[in-house]
Amino acid sequence: MGSPGLGNRNGGQRLGITEPISLGGPTDYDVIKTRELEKYLQDVGLYESQEEAVRREEVLGRLDQIVKNWVKAISRSKGLNEQLVQEANAKIFTFGSYRLGVHGPGADIDTLCVGPRHATREEDFFGELHKMLSEMPEVSELHPVPDAHVPVMGFKFKGVSIDLLYARLSLWVIPEDLDISQDSILQNTDEQTVRSLNGCRVTDQILRLVPNIQNFRTTLRCMRFWAKRRGVYSNVAGFLGGINWALLVARICQLYPNALPNMLVSRFFRVYTQWRWPNPVMLCPIEEGSFGLQVWDPRKYPKDRYHLMPIITPAYPSMNSSYNVSSSTLRIMTDEFQRGGEICEAMEASKADWDTLFEAYAFFDAYKNYLQIDISAENDDDLRKWKGWVESRLRQLTLKIERHTYNMLQCHPHPGDFQDKSRPFHCSYFMGLQRKQGVPVNESEQFDIRLTVEEFKHTVNMYTLWKSGMEIRVSHVKRRNIPSFVFPSGVRPSRPSKATWDSRRVSDAKVSGHAGSDKSGEGKGVADGQVDGKKRKRVDDNADAQSKNGKYVTAVASSSPEVQVGSPAGTVSSCSTKGDHLDATGSVEPAKGNAESHMMNGSENLIMEELSSHNGEVDGSLRCSPPHKGLHVTADAATSKEAEKLAIEKIMSGPYVSHQALQELEELEDDLEFRNQVVSAGNTNNDPLLSSVSDSTGAASVLSSNRAGPSISLHASGSIEELEPAELTAMTSIPVAPVVQRKPLIRLNFTSLGKASEKSG
């Protein structure tokens with residue numbers, strides 16, 4: 001593949017699709033702060049020792065020899081003549097953090113085995129090579145995943161973690177000097193090979209498209225560490241993974257080609273705070289190629305229009321590497337970009353340091369209400385498979401809740417999992433919950449997400465490799481009841497007496513009026529008991545997913561919900577409700593009655609209360625909040641910032657500028673059949689969905705978490721009837737009529753609970 005700008009790096013010409021924003025070199029301040037940053041990254045242990053580096057090289061050399069022996073063995077077994085057997089070859093390539101040079105101690109090595117056309121993936125790679133590895137004493141924890149989107153074989157070789165992919169080329173002989181960056185390598189290959197090659201091709205292209213590799217590496221190490229500390233490093237959770245952060249950093253290096261890491265970090269936050277998503281980030285022009293492979297283009301492919309934060313890979317076929325991002329995770333990352341920019345400005349005024357920037361995000365202090373997703377299995381092997389599947393589906397839960405509540409209930413998924421040592425073969429995931437910010441607060445409102453949760457569990461339990469004992473349970477937990485095993489050493493930390501940057505930021509936002517008029521909110525980044533329950537300032541959430549009519553929903557600061565859910569076994573928590581609620585078409589009608597939340601069959605009801613229902617309409621651009629008001633900015637600095645702001649606006653103009661993200665529908669199609677099954681089973685009038693919301697009185701039992709558990713049907717009274725597994729099976733065989741209009745899937749009951757919103761978590 002041609003490399004735009006590759007031959008120009010030494011010629012002084014630009015890299016990237018636009019001119020740089022600044023060609024300025026480093027100041028003395030930049031030199032000093034960059035040295036501080038490098039020392040900081042060393043001190044926190046981001047660099048591996050020389051001994052570990054040597055061991056990795058030895059492992060890769062040994063692995064390369066193993067695959068060469070493997071391909072000769074299978075060539076001989078397939079009856080090739082001795083000359084072809086001797087010429088048979090396979091080759092190991094690396095990609096990811098190791099190839100980029102930003103891996104840390106103990107990190108795994110992403111590797112690719114490239115083999116000839118007669119070495120098949122199923123029979124030879126996952127068959128014969130797997131057998132060879134399993135017989136080697138140096139190999140442990142061998143785990144093949146042949147049915148993955150990108151088939152992979154994971155194992156440890158002499159203690160070094162390896163993820164090994166396979167690419168089957170159309171060549172009879174793999175030359176030792178093979179250049180996989182050439183597009184011709186893709187000729188006559190299958191989809192799995194194209195995807196497997198993509199990692200190496202993208203990694204190599206990134207290194208070709210940055211002006212200074214060492215500055216790029218230091219900056220990327222910094223941003224990866226920052227993202228992990230702030231809880232926004234996870235592709236599967238809807239944030240960004242390693243390749244996404246590498247592409248974002250590489251673009252900043254292109255825009256400031258002569259800058260040192262200190263300035264690159266500062267400009268990273270400045271540029272991406274101002275960036276108007278879903279304008280794409282690209283390192284080079286998108287090439288159509290000559291092999292007919294689909295490339296990212298929202299003008300041509302409607303599915304690409306749903307992407308909220310497009311970060312485009314630079315190698316053919318170019319694709320969006322960040323399709324997992326949702327409106328909630330985009331909002332969280334945008335707010336983190338703004339926070340980072342504020343701290344970098346404070347550092348210039350000697351009011352902050354690197355410790356401030358890398359301050360860990362206090363996830364379990366940030367919200368009053370959480371969803372806890374517990375999964376379990378009968379043994380380690382089953383749990384590993386079950387975890388992988390559930391983690392790949394968790395994004396659906398976020399999308400379903402956002403979509404079914406019209407983006408009024410916002411989710412913040414924690415990127416990791418937690419294990420309770422007292423419970424073997426079990427782990428938990430958590431999501432912070434809050435009402436949409438910046439929406440006027442009526443006395444109190446209620447969202448019922450029980451059916452939404454059941455749809456999610458139904459989807460998860462369709463796992464093709466499901467076994468008895470694989471269970472999932474979703475429940476609500478308040479901040480004060482977060483289980484202790486999520487905290488280091490299993491001990492809930494005491495509230496720090498020293499104010500953090502996040503807590504001061506919350507206080508400043510509240511004083512300056514950016515926290516909105518509602519006074520019962522929470523601070524997303526609160527880590528100080530003195531500001532417990534306050535709001536965390538956010539940028540306008542104009543990047544929320546559009547609805548089908550093309551209108552965005554706005555979001556600024558707001559208060560958190562009080563969540564009424566199932567009580568412990570044997571108890572019932574209930575409260576009187578009075579007010580209005582929506583029918584299935586979205587119109588408001590009066591409703592009276594009692595809203596009960598209770599637990600049946602070991603599962604919990606999930607009713608989100610005090611959630612605003614007023615959607616604002618704004619334009620499709622993402623506005624940037626003003627800089628931190630406490631910082632002193634000189635006239636020259638202000639002029640420079642204004643020039644940079646104009647330059648950033650200019651680089652966002654291009655062929656894709658008119659692209660606007662639509663409401664996320666990807667991966668939600670599969671819940672339509674389940675929804676129709678549910679409503680049709682209890683259809684007692686002409687509008688089953690309307691009947692499910694026309695009466696707010698009555699209790700609703702939640703599905704068993706077991707795969708073989710009952711389904712549910714909604715009746716006019718609002719109750720939910722359990723169906724036996726046999727009935728569910730029968731229902732799945734009934735053709736589902738097409739739905740003309742997608743109606744609300746949850747109940748929105750507006751109630752009057754007095755001053756409930758002022759109660760603390």
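A Cβ is built for glycine as well, from the same backbone N, Cα and C atoms used for every other residue.
TrEMBL annotations: computationally assigned, not manually curated.
Annotated range for region 'Disordered' in TrEMBL, selecting from 1-21, 400-420: 1-21.
Secondary structure by DSSP for the domain 'Poly(A) polymerase RNA-binding' (363-421): 29 helix, 14 strand, 16 coil.
Across the domain 'Poly(A) polymerase central' (215-359), mean pLDDT in this model comes to 96.
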